[in-house]
Number of protein chains: 2
Amino acid sequence: MGVSVGPISGSSKYYSPEGVPFRRVHLSTGEHFDLYDTSGPYTDAAATIDLEQGLAPRAGVVRDRGTQLQRARNGEITAEMAFIAVREGVPAELVRDEVARGRAVIPANHNHPESEPMIIGKAFGVKVNANIGNSAVTSSIAEEVDKMVWATRWGADTIMDLSTGKDIHLTREWILRNSPVPVGTVPMYQALEKVGGDPTKMSWESYRDTVIEQCEQGVDYMTVHAGVLLRYIPLTIDRVTGIVSRGGSIMAAWMLAHHRESFLYENFGELCEILARYDVTFSLGDGLRPGSIADANDEAQFAELRTLGELTKIAKSHGVQVMIEGPGHVPMHKIVENVRLEEQWCEEAPFYTLGPLATDIAPAYDHITSAIGAAIIAQAGTAMLCYVTPKEHLGLPDRKDVKDGVIAYRIAAHAADLAKGHPRAQQRDDALSKARFEFRWHDQFALSLDPDTAREYHDETLPAEPAKTAHFCSMCGPKFCSMRITQDIRAAMNEKSAEFLEHGNRVYLPLSS
Amino acid sequence: MGVSVGPISGSSKYYSPEGVPFRRVHLSTGEHFDLYDTSGPYTDAAATIDLEQGLAPRAGVVRDRGTQLQRARNGEITAEMAFIAVREGVPAELVRDEVARGRAVIPANHNHPESEPMIIGKAFGVKVNANIGNSAVTSSIAEEVDKMVWATRWGADTIMDLSTGKDIHLTREWILRNSPVPVGTVPMYQALEKVGGDPTKMSWESYRDTVIEQCEQGVDYMTVHAGVLLRYIPLTIDRVTGIVSRGGSIMAAWMLAHHRESFLYENFGELCEILARYDVTFSLGDGLRPGSIADANDEAQFAELRTLGELTKIAKSHGVQVMIEGPGHVPMHKIVENVRLEEQWCEEAPFYTLGPLATDIAPAYDHITSAIGAAIIAQAGTAMLCYVTPKEHLGLPDRKDVKDGVIAYRIAAHAADLAKGHPRAQQRDDALSKARFEFRWHDQFALSLDPDTAREYHDETLPAEPAKTAHFCSMCGPKFCSMRITQDIRAAMNEKSAEFLEHGNRVYLPLSS
């Protein structure tokens with residue numbers, strides 16, 4: 001079993017005095033630029049990686065003082081909150097306050113000390129989740145661990161292990177012990193596998209045991225489709241694509257077979273008690289999310305969202321942290337309504353959406369169709385975006401798809417951070433653009449989301465090292481490079497300015513000065 | 001010299017009774033679905049393609065009755081307008097009216113009869129332009145002709161030949177004679193090449209002669225950076241990335257060297273007279289567009305936009321069709337302002353934007369950073385989107401980049417059409433989603449923007465033909481396919497419904513019915 005290790009090109013691992021890791025980009029000007037870093041020890045040249053052994057647990061995990069939510073309400077700034085404050089560049093009190101209000105969550109199971117603390121909430125940087133996991137058709141444990149490391153290398157803030165094939169428990173164990181980010185699951189998948197894949201054979205008892213098993217193992221957040229109620233199923237009957245959530249469709253099949261209300265809904269209080277013991281965060285699943293443009297924002301979807309609001313209150317009354325999952329497939333003009341209703345009905349619990357895809361017509365490019373929707377929904381206040389890969393609707397993503405999905409979603413998240421005026425966001429754009437304008441090619445690559453591919457594309461036509469300081473690239477060639485010409489213009493203007501000032505003519509001075 | 005010919009997979013060429021071409025998708029249900037088709041005779045299995053010969057000219061081109069704008073004002077529905085009405089599925093009178101009001105343009109040089117009439121305006125489907133053309137560093141005529149055919153195959157509505165290297169005239173001749181879509185250029189590039197690449201050596205006379213040469217050849221629209229005035233140059237001095245438009249920087253260098261106002265601005269009236277003779281459309285260039293997030297919506301940019309508004313009035317008074325070019329690099333929250341100001345200052349002339357890129361930090365993925373901005377700006381009313389390829393800022397796009405750029409922009413354009421409620425847009429999403437739900441894999445592929453890649457991705461894990469009707473894919477495997485489970489649920493509900501109706505219990509009936 002092997003995974004990608006070593007620093008990202010042009011960067012090295014830097015730990016702040018508080019022990020918070022950053023990706024430090026070294027610029028040719030002698031300056032450096034520190035970036036939020038999700039990649040864990042794998043990109044630390046000094047770290048020894050032993051997958052059999054797992055990552056070293058972080059110190060200071062407190063198991064007997066309740067959840068981050070309970071402690072935040074008590075006015076405590078936990079070790080995790082202090083870490084996050086440095087990581088996000090915000091006051092620790094803001095972190096505590098947002099968690100206490102339920103507007104942010106810190107998914108950190110006491111039994112997953114390998115994970116570096118992070119926060120999901122609209123007052124902080126927009127986060128990205130990458131789904132991995134095998135299916136009955138394809139993949140292995142080694143491949144899934146590799147995908148986990150690979151996804152966090154490129155910027156995944158959390159991982160969901162959605163394995164539905166063989167070795168579900170063991171695959172998750174390997175992932176948890178080696179994951180530097182929180183890990184989410186949908187316990188229903190394993191519960192279903194335990195009864196041979198027949199939804200009608202599931203029971204509350206076996207589901208509950210599966211949840212406890214996963215809590216013990218260290219899963220940080222769990223998708224629970226407790227808002228899919230029996231009476232909502234008929235609302236899906238006229239849809240173009242019915243129920244497209246796996247968990248939602250499984251629960252619907254169970255309810256219909258037994259003609260009973262959802263056992264997740266009926267036993268939600270007990271579920272809260274279990275999750276509270278480990279500080280596992282709820283990700284209340286949108287089992288009735290739209291699976292096509294035609295079904296967006298319909299009655300079924302919003303009926304479930306109202307129920308998720310009820311469940312949010314219950315979970316919080318048990319001190320359990322909660323986030324809310326959102327769609328799916330939504331045309332651009334219907335996206336913002338999703339955020340507004342979620343905020344209104346679910347007490348501003350962090351919204352966590354899958355895309356949404358802004359159109360259905362581009363299978364093989366759904367990382368793009370959905371990055372459009374994701375950027376818009378994040379700008380409106382969504383706290384975490386679940387990536388979509390180019391393989392969505394077509395097959396299980398491989399390593400390349402995982403990277404393509406993560407990069408597309410880092411773009412969406414960053415575009416939203418910029419639009420929201422996140423304090424650190426534009427600094428990176430400015431640093432990269434300045435490097436671009438000054439033809440510091442190496443710096444431009446190093447500051448980018450994917451230095452390797454940026455360099456590779458540049459080098460396809462101009463591979464020689466001198467081209468890395470050349471005042472042009474192959475797009476325009478030397479004579480037509482606007483940035484080179486602008487530099488000449490600036491030099492000329494500086495000359496002229498001095499000249500005209502002597503004659504009292506100010507035409508060349510910036511009008512804005 | 002070779003280009004890609006033959007129908008797109010799952011489709012054939014269909015000509016309406018009026019002779020308007022469509023891409024007809026043949027569904028396994030026996031139905032068919034007709035799509036807007038930019039690909040010309042190259043995808044017609046019955047056509048003979050001879051690049052030496054060029055495409056057959058269309059009949060009915062009228063050279064002596066003025067421009068489409070003048071004829072629209074006179075109440076005439078031209079042959080081109082009638083063709084477009086069928087192509088867009090709208091009344092011909094709407095086409096005429098929008099052209100007469102200057103809110104839409106039909107770029108159709110009398111000397112480019114090989115092109116199929118199309119319209120650019122916010123009342124119609126959002127259009128996509130693909131830039132091709134060589135640079136001094138790389139590419140050949142054969143490659144550029146191949147890119148032109150390749151770009152239109154995947155949905156480019158117009159092509160801009162931005163060649164700046166050798167054989168500019170000859171490259172353009174090959175492209176024009178073989179292009180089924182309007183061709184745009186930036187005449188400045190050739191004018192500069194004629195004086196050895198030194199901007200200070202340019203003159204109005206040689207520029208004018210270049211414009212006439214290109215009008216004679218058949219160029220349908222021309223980017224003219226006549227809004228970059230001498231007094232605006234100082235406004236760019238504090239920018240992070242200065243002037244990033246090649247045409248803008250060249251004119252700035254000329255003005256500064258000569259300390260004179262732009263010869264494009266001063267001779268704009270004569271330029272109008274020339275363009276009117278051929279019905280060449282102005283694309284008033286944004287020479288001062290922002291080249292970075294930091295420079296978006298600044299004084300330089302908007303000063304130029306106001307001047308473009310003045311020039312729009314002058315062009316229209318000469319009966320010349322006009323569109324307005326827009327940025328560039330703009331964070332999401334500043335995008336819509338660009339459209340509002342353009343509409344206000346430029347009499348709602350069609351807006352034609354490059355992206356915009358919603359962040360600067362992802363070189364090698366700027367088709368995605370910009371598809372986000374493009375979708376948003378198109379939703380707000382932009383009529384045509386100039387694509388950006390993954391190679392932007394790094395090198396000259398190759399064949400693969402051209403396709404990636406076109407597909408990303410067809411996604412953005414379609415997402416905007418959906419959001420604007422374009423009558424035909426959602427029909428395609430619905431047809432594809434219905435095929436997806438019913439596991440008609442071949443139909444899903446055929447209805448997609450890129451059937452080849454969709455099929456390829458699916459087949460990576462499940463290549464056998466029976467998998468094309470299987471009720472699952474490798475993403476979830478058979479037991480976890482939500483769509484399969486939903487179909488089972490629907491079958492069960494139909495049974496139950498009947499049963500409960502007999503007992504007067506309506507719980508399973510759709511509440512919405």
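Glycine is treated like the rest: Cβ placed from N, Cα and C.
TrEMBL labels come from automatic prediction, so no person has curated them.
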Further binder of substrate named by TrEMBL next to B:Met160, B:Tyr189, B:His225, B:Ser245, B:Arg246, B:Gly247, B:Asp286, B:Gly287, B:Leu288, B:Arg289, B:Glu325, B:Tyr352, taken from the candidates B:Asn109, B:Asn111, B:Asn131: B:Asn131
Subset of binding-site residues B:Asn131, B:Tyr189, B:Ser245, B:Arg289, B:Tyr352, B:Cys476 within reach of chain A (CB-CB under 8 A): B:Tyr189, B:Ser245, B:Cys476
Sparsest-packed of the listed binding-site residues (B:Tyr189, B:Tyr352) - C-beta count within 10 angstroms: B:Tyr189
Intrachain residues whose Cβ lies under 8 Å of the domain 'ThiC-associated' (B:21-60), provided they are six or more past its termini: 1, 3-8, 10-15, 79, 87-88, 113-118, 125, 145, 149, 152-153, 155-157, 174, 177-181, 424, 427-428, 431, 435, 440, 442-443, 446-447
Pairwise Cα distance for B:His329 (Zn(2+) binding site)/B:Gly287 (substrate binding site) [Å, integer]: 13
Local confidence of the domain 'ThiC-associated' (B:21-60) - pLDDT mean: 96
Rounded inter-Cα distance in Å - B:Arg289 (substrate binding site), B:Cys473 ([4Fe-4S] cluster binding site): 46
Fewest other Cβ within 10 angstroms of its own Cβ, chosen from the binding-site residues B:Gly247, B:Gly287: B:Gly247
Between B:His393 (Zn(2+) binding site) and B:Asn131 (substrate binding site), the C-alpha gap once rounded to whole angstrom: 14
